[in-house]
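*Asks:* Sharing a structure here in structure tokens format.
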Amino acid sequence: MLICLTASHKNADFTALEALSSADAAQLPTSFASHPSIEGAIVVSTCNRFEVYLDVDADRDEAPGIAQTAATDALGFHHPETLEPLVEGRAAEHLFAVAAGLESVVVGEGEIAGQVRRALQSAQDAGTTSPSLERLFQRASETQRGIKNRTGIGEAGRSIVRLALDLASARVDFTGARVLLVGTGRFAGVSLAELRRRGAQHIEVWSPSDRGAGFARSHAIGYVDPRDAPLAAATADVIVTCTSADHHVVDAALLRAGRERLAATHAFPGSAVQPHDASTCPVALDPTAEGCPLHAGPGAECPVDHGRASQLVIDMGMPRNVDPDVATVHGVEVLDLETIRLHAPLEHLTATEDARHLVRKAAARFERGTAERQLGPAIAALREHVQGAMDAELARIAKRGTEEERRLAEQALRHFAGVLLHKPTVRARELAAEGRHDDFLAAIQALYGIDDVA
């Protein structure tokens, strides 16, 4: 039984998503698959959704409860109501829609298709897939490609990164901005490409995981040594965080330390200037600061440009890369995923409806195929029963008549067996498509004594 447990921006608040996303996605499939009733598990974890796809060895009534219990055990997350269960056909239709970008914050965004493929690959590497789950995810990717080719969905290359930077463009002129890219995670490459598309030239990268140097070389941007991260953060006009860390990497302490270091760097004997309103100082620790560390006394101009009124921090992380306390630092504005999704544009209705129609058709085909496979053992048992009766009759007449008569008799019996089996086989597929597996199983058990084939 295929079960999807889903929490996304559509049915869960940001805090719950953050808690779920903090789990180790690479280890979760193994944790789920260790449950005795679970035959396979695949986890899809993105910035706006957390989903577990399970192959549960149980009937429709029991499977959702088993899945919820396994989720509580594997995640240590004691709010099962956050994870909505979807069963069989609904699970398939949901995944197909997710892979096509129809369930994303920005409808039609392209990153999710790759994330779905990587989720399958990760589960394959961990050995936690099952034949049913592999078919499900393979059909999801096939459906996504078909939708991309046949509809206008996603043709503008929409993405959560593009939306975030579009929102930021109302506040920042990227052509002259100093940009600090924090992290080399799943959004780093896309963010860099979008920044360059907007004319950004002064881009540096700092990676808390020490992968920044390699990323900087391969993408021809500046590299920030971790020791210089506070100063780089203080001097950036825009900070874009996109790490896969499960903790905050940018906080108020980092920004304040950088501003203090910036002040100390520019302070030198004889450089003191006239005091001024601390709220206009780019290195003030807060708007109520008594004075700028650079302004030791009268007589000189401040060596730091006071033109920058604010600093924008764009948090693309899930869980959050940025501690909410940065909002207490003077002049800092935070744009996080929760805010970004509130500004997501309306769906392109025609293309989206066409895409959803294709999703529904693909899910129906998948469900029919799954149902037929589930009755496969029963159909095989019925064929074996008829074949056994035919073989017994052939053995009985083996010593009667001429060789030609026996050949004709065998030919007639085999043809009759095929005709006899045709209608039950067709009817089995029809019942499977209607979800009436039990009716077929009950019929062959009552008529032929065939059981233990479910």
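Using N, Cα and C of the backbone, Cβ positions are placed for all residues, glycine too.
TrEMBL lists these features:
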DOMAIN    6-151  domain 'Glutamyl-tRNA reductase N-terminal'
BINDING   T46, C47, N48, R49, S104, E109, G110, E111, Q115  substrate binding site
ACT_SITE  C47  active site, nucleophile
SITE      H94  site 'Important for activity'
DOMAIN    167-257  domain 'Quinate/shikimate 5-dehydrogenase/glutamyl-tRNA reductase'
BINDING   G183, T184, G185, R186, F187, A188  NADP(+) binding site
DOMAIN    355-449  domain 'Tetrapyrrole biosynthesis glutamyl-tRNA reductase dimerisation'
*Asks:* State the Cα to Cα distance, in Å, between Q115 (substrate binding site) and T184 (NADP(+) binding site), rounded to an integer.
*Replies:* 16
*Asks:* For the domain 'Glutamyl-tRNA reductase N-terminal' (6-151), what does DSSP give as the number of helix, strand and coil residues?
*Replies:* 77 helix, 24 strand, 45 coil
*Asks:* With the cut-off set at 10 Å between Cβ atoms, which of these binding-site residues ends up with the most neighbours? Options: G110, G183, G185.
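*Replies:* By the 10 Å Cβ neighbour count, G183 comes out on top.
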*Asks:* For T184 (NADP(+) binding site), which residues of its chain lie six or more apart in sequence with Cβ-Cβ distance below 8 Å?
*Replies:* V205, S207, S209, R211, G212, G214, F215, C242, T243
*Asks:* Measuring Cα to Cα, how many angstrom lie between N48 (substrate binding site) and A188 (NADP(+) binding site)?
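*Replies:* Per the Cα atoms, N48 (substrate binding site) and A188 (NADP(+) binding site) stand 17 Å apart.
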*Asks:* Quick check for the class: what is the C-alpha distance, in angstrom and rounded, between A188 (NADP(+) binding site) and T46 (substrate binding site)?
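*Replies:* It is 14 Å, counting Cα to Cα.
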*Asks:* If one measures from the C-alpha of S104 (substrate binding site) to the C-alpha of H94 (site 'Important for activity'), what distance in angstrom results, rounded to a whole number?
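*Replies:* The separation of the Cα atoms works out to 12 Å.
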*Asks:* With Cβ-Cβ distance below 8 Å and at least 6 positions apart along the chain, what are the contacts of C47 (active site, nucleophile)? List them in sequence order.
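*Replies:* In sequence order, S21, I160, F187, M316, G317, M318, L337 meet the Cβ cut-off.
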*Asks:* Distance between H94 (site 'Important for activity') and R186 (NADP(+) binding site) at the Cα atoms, whole Å?
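*Replies:* Here the two Cα atoms are 23 Å apart.
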*Asks:* Of the binding-site residues G183, G185, R186, which one has its Cα closest to the Cα of T46 (substrate binding site)?
*Replies:* R186
*Asks:* If you measure G185 (NADP(+) binding site) to G110 (substrate binding site) at Cα, how many Å is it?
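*Replies:* Cα-Cα, rounded: 16 Å.
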